[in-house]
Amino acid sequence: MQVPSPSAREAASMYGTAVAVFLVLLVAVLQGLAPPESPLPYRIPLDPKGDLELSWDVSYTQKTIYFQLLVQELKAGVLFGMSDRGELENADLVVLWTDGDNAYFGDAWSDQRGQIHLDSQQDYQLLRAQRTPKGLCLLFKRPFGTCDPKDYFIEDGTVHLVYGVLEEPFGSLEAINTSGLQKGLQRVQLLKPKISIPALPEDRRTMDIQAHNVLIPSKTTYWCHLTKLPQDFPRHHIVMYEPIITKGNEALVHHIEIFQCTNQFQNITSFSGSCDSKEKPQELKVCRHVLAAWALGARAFYYPEEAGLAFGGSNSSRFLLLEIHYHNPTNIRGRYDNSGIRLHYTAKLRHFNAGIMELGLVYTPVMAIPPKESAFVLTGYCTAKCTQAALPPLGIRIFASQLHTHLTGTKVVTMLVRDGQEIEIVNRDDHYSPNFQEIRMLKKTVYVYPGDVLITSCTYNTEDKNEATVGGLGTQEEMCVNYIHYYPQTQLELCKSHIDPCFLQKYFHLVNRSNLGEYCTCPQASGTTCPQASGTTCPRASVPEQFASVPWNSFSRVVLKALYDFIPVTVHCNKSSAVRFPGKWDLQPLPEIISKLKEPTPRCPTSRDQSSSSLTVVNIGGGKV
């Protein structure tokens with residue numbers, strides 16, 4: 001059947017023909033494999049009001065994702081897709097739109113001006129379209145990789161999903177521009193690991209750590225709530241935890257974490273309020289040990305059946321800090337929340353204690369990112385010397401990981417190196433966002449043995465900064481951390497590094513000399529044993545002040561990058577008491593890498609369905625959206 005194309009220009013560029021396939025309501029397109037019949041297991045709201053809901057499932061054998069988009073109140077169409085950082089410009093899209101007579105479904109893309117173009121290669125395949133009591137439901141599929149330069153390559157890690165709502169008909173697809181649309185983004189891990197779920201013990205009990213009737217603020221807010229375990233609560237193993245989300249708030253609760261406090265304080269002042277509040281007790285700074293973490297799109301987190309995370313007992317603090325990130329960009333008012341996390345635990349301790357270890361960079365200003373950088377990399381090392389000293393002879397097994405940076409982080413990767421050869425990636429996120437952090441189960445267990453090296457690299461974007469961003473605990477400072485979850489637990493709690501401070505002082509002196517002493521970058525008066533260069537007359541400064549004085553030209557940038565890539569490091573091979581394992585940890589050479597892993601290349605589909613070159617017309621309720 002011949003149908004009118006959106007425009008002659010689009011038809012000519014796409015097909016050379018105006019022939020399209022008419023989709024009868026409730027009838028699936030028969031090309032390719034049949035769509036899954038069971039409900040898709042993963043589900044998130046796309047918009048703050050929950051009018052758009054996405055469900056999906058992953059087929060690793062087909063290397064395909066099945067999507068189901070539920071549109072509760074459809075006006076004139078909807079855009080859905082993916083982009084590198086969550087912009088609707090330069091996005092890979094699928095579009096449902098109407099010209100007033102017919103409804104069309106097609107693979108499209110947007111340019112940097114937000115102009116929509118129909119893709120010459122149709123890789124989103126519509127499988128079913130139907131009206132339901134909840135709204136319009138579209139089921140479609142898309143390969144991970146398409147080898148189409150206009151398409152997004154779906155890979156492990158964070159994916160920035162984007163959407164836009166069309167409120168009026170358009171005569172052609174090219175008449176649509178994203179600038180005037182109601183639009184937004186949602187971050188999610190699409191490629192969920194397919195792992196078996198361990199059986200839970202019959203004696204398990206539950207503990208709900210929840211907020212108490214919080215009036216959700218009208219802006220994005222981190223909410224902190226301090227709670228405590230019962231008096232004389234004995235040692236238990238957490239075997240699973242799951243989110244508790246107040247009904248109706250699913251689109252507003254972005255992520256949740258529970259931190260265990262150290263036993264430094266016998267008592268901590270109760271608190272429930274904004275984490276940025278001046279009334280927040282200073283003692284809460286010791287509540288940094290992650291006990292549980294959930295983010296939008298994640299389901300229950302299970303520990304391996306032979307391991308559990310210990311909490312409670314005489315040597316453990318009773319205090320737990322609940323932190324909830326509320327994301328309310330449309331300023332929805334009058335909504336109260338009691339969300340949190342439900343811990344499932346057992347008194348019958350499992351064979352192994354699970355542990356959490358910090359990899360990456362020490363929180364110190366000697367590690368810094370120059371301003372106006374698009375992709376500056378800093379790297380932290382857990383060296384062979386440390387794993388040799390701290391790990392048991394049979395090694396450890398990593399089963400989950402949580403990556404962490406502050407506001408400028410865009411990519412994080414941890415690599416396992418053995419005998420100078422890169423063995424495998426522990427965890428990697430090429431589209432990392434500090435606004436989406438969750439503990440992720442690994443697709444397969446990673447075994448780490450004494451003498452192995454764990455290298456964690458973070459990439460940062462500081463294009464909007466005018467001064468250097470230094471390392472530290474503050475939100476405006478930076479971090480590079482991978483919290484690995486493993487068993488059996490060892491005494492090693494932190495395995496990180498930073499460059500040798502004295503070499504950094506040589507860098508500052510070199511910058512000062514190259515600029516004829518115009519900029520003051522003299523070392524601080526205390527806290528360092530580095531000798532001060534002769535002939536300096538300016539006042540002494542702290543490392544952040546020194547970085548603030550650097551003139552960021554090509555010379556200072558290139559030299560700092562070379563410094564970080566080649567000079568010796570100080571290794572923090574620390575026990576839980578913050579005491580290092582015995583040994584010499586200063587001026588350690590960087591690990592030598594003699595063999596690198598090959599970068600994965602996207603696999604193109606071996607064959608394409610005939611429908612992939614046809615525009616689909618959707619007949620829904622008389623042919624109109």
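FYI, residue positions are counted from 1 along the chain as it appears here.
Glycine too: its Cβ is placed from the backbone N, Cα and C atoms.
Feature annotations, reproduced from Swiss-Prot:
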type     : residues               : note
TOPO_DOM : 1-9                    : topological domain 'Cytoplasmic'
DISULFID : Cys147-Cys604          : disulfide bond
CARBOHYD : Asn177                 : N-linked glycosylation site
ACT_SITE : Tyr222                 : active site
DISULFID : Cys224-Cys275          : disulfide bond
BINDING  : His254, His255, His325 : Cu(2+) A binding site
DISULFID : Cys261-Cys287          : disulfide bond
CARBOHYD : Asn315                 : N-linked glycosylation site
DISULFID : Cys382-Cys495          : disulfide bond
DISULFID : Cys386-Cys573          : disulfide bond
ACT_SITE : His404                 : active site
BINDING  : His404, His406, Met479 : Cu(2+) B binding site
DISULFID : Cys458-Cys480          : disulfide bond
CARBOHYD : Asn574                 : N-linked glycosylation site
One should report the C-alpha separation between Asn177 (N-linked glycosylation site) and His404 (active site), rounded to whole angstrom, as 35
Find the shortest Cα-Cα separation between Cys224 (disulfide bond) and the binding-site residues His254, His255, His325, His406, and name the residue that gives it.
-> His325
Have a look at the recorded positions Tyr222, Cys287, Cys382, His406 and say which one has the shortest Cα distance to Cys147 (disulfide bond).
-> His406
List the other residues in this chain whose Cβ sits within 8 Å of the Cβ centroid of the Cu(2+) A site residues His254, His255, His325, in sequence order.
-> Val253, Ile256, Ala295, Leu296, Ile324, Tyr326, His327, Asn435, Phe436
Listed in sequence order, residues with CB under 8 A of Cys382 (disulfide bond) and six or more positions away = Leu359, Val453, Leu454, Ile455, Thr456, Cys495, Lys496, Ser497, Val571, Cys573
Going by C-alpha positions, which of the recorded positions (His255, Cys275, His325) is nearest Cys604 (disulfide bond)?
-> His255
Counting other Cβ atoms within 10 Å, pick out the least crowded of the disulfide-bonded residues Cys147, Cys224, Cys573.
-> Cys147
Separation of alpha carbons, His255 (Cu(2+) A binding site) and Cys261 (disulfide bond) (Å) | 20
Per DSSP (helix/strand/coil reduction), Cys275 (disulfide bond) sits in coil
Cα within 10 Å of Cys275 (disulfide bond) - qualifying recorded positions among Tyr222, His254, Cys386, His406, Cys458, Asn574 = Tyr222
Among the recorded positions listed as Tyr222, Cys287, Cys386, His404, Met479, the Cα nearest the Cα of His255 (Cu(2+) A binding site) belongs to Tyr222
Between the Cα atoms of Cys458 (disulfide bond) and Met479 (Cu(2+) B binding site), find the distance and write it as a whole number of Å.
-> 9
